[in-house]
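Okay, structure first, notes after.
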Amino acid sequence: MKVISSIQALRDQLRGQNRVAFVPTMGNLHEGHLSLMRLARQHGDPVVASIFVNRLQFGPNEDFDKYPRTLQDDIEKLQSEGVYVLFAPTESDMYPVPQEYRVDPPHDLGDILEGEFRPGFFKGVCTVVMKLFCCVQPRVAVFGKKDYQQLMIVRRMAKQFALPVDIIPAETIRAEDGLALSSRNRYLGETERAEAPVLYKTLHEVRDTVLGGDGVDLLAVEADALARLQARGWKPDYVSIRKQDNLQPPTREEFAAGAPLVVLTAAKLGATRLIDNLEI
């Protein structure tokens with residue numbers, strides 16, 4: 001596996017490759033990331049991964065400098081998965097001059113849910129993903145469903161800019177007790193780790209209630225889930241039932257007609273903020 005930091009060197013290495021499958025990451029890789037590499041290999045060849053901790057998507061109260069950087073360990077994991085190239089640019093490689101042009105997602109998708117609680121986050125995500133697509137020029141790119149809103153935003157961005165890349169969704173990888181794998185899990189203490197699977201259990205309870213029959217009050221279901229998490233010591237930002245296609249709340253008519261739904265949540269357990277979702 002070649003490790004490349006320069007955009008020009010990356011383009012030279014990939015010249016003539018027209019079936020590149022790309023997996024962008026911020027490093028600190030775990031089994032969930034590695035599953036994305038395996039899925040990428042099913043859709044293209046060669047597989048290219050990137051590791052770049054993107055300052056643009058960190059808010060003023062989010063510590064960019066403390067984000068875990070484990071490059072050597074990540075390199076070994078990617079080598080074991082047969083990745084062809086790791087693009088690991090420095091900040092000066094990626095942004096040799098200040099990034100004055102940004103990609104701003106539409107408000108109806110970028111300023112809700114995660115976007116409401118992390119203002120500017122998706123603008124930073126879209127900007128770096130667009131730039132990575134320009135650097136790598138993949139035929140397919142794999143994004144995990146764990147970051148469901150990010151997947152929807154990137155998919156819409158690719159479509160509206162007519163980018164020649166297919167966005168492939170990857171199922172969330174979970175621990176045996178249901179906790180979604182995440183780089184943030186390392187911050188959970190022993191007691192918190194034992195409590196953490198309750199978040200996924202709560203999503204299942206929401207789904208079971210929604211599927212339980214006609215006349216379900218979705219707002220009441222959301223409020224009940226929030227209250228139950230709060231009673232256990234969580235600090236939830238949201239539990240929200242949305243349509244899968246555009247992440248808008250379903251109307252009564254859409255719900256009655258069986259519109260595909262997803263329940264999404266973000267909540268703090270101690271100092272660790274976890275996100276998860278479950279399709280209904």
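Including glycine, each Cβ sits where the backbone N, Cα and C put it.
According to its DSSP assignment, HIS33 (active site, proton donor) is helical. Taking all protein chains in view, 25 other C-beta atoms sit within 10 angstroms of the C-beta of HIS33 (active site, proton donor). Swiss-Prot lists HIS33 with the feature active site, proton donor, giving sequence analysis as the kind of evidence.
Residues near ILE173 (ATP binding site) in space but far in sequence (CB under 8 A, at least 6 apart, same chain), listed by position: GLU31, GLY32, SER35, ALA180, LEU181. Classification of ILE173 (ATP binding site) by DSSP places it in coil, neither helical nor stranded. Sequence annotations record features per position, and here Swiss-Prot assigns ATP binding site to 26-33, 144-147, ILE173, 181-184.
Among the features that Swiss-Prot reports, beta-alanine binding site is placed at GLN57. Reduced to three states, the DSSP call for GLN57 (beta-alanine binding site) is helix. Every protein chain shown contributes to the tally, and the Cβ of GLN57 (beta-alanine binding site) ends up with 21 other Cβ atoms within 10 Å.
Counting Cβ atoms from all protein chains shown, GLN150 ((R)-pantoate binding site) has 21 others lying within 10 Å of its own Cβ. Annotation comment: Swiss-Prot describes GLN57, GLN150 as (R)-pantoate binding site, evidence class sequence analysis.
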- [ ] Fewest other Cβ atoms within 10 Å: which of the binding-site residues MET26, LEU29 wins that one? Let me know.
- [x] MET26
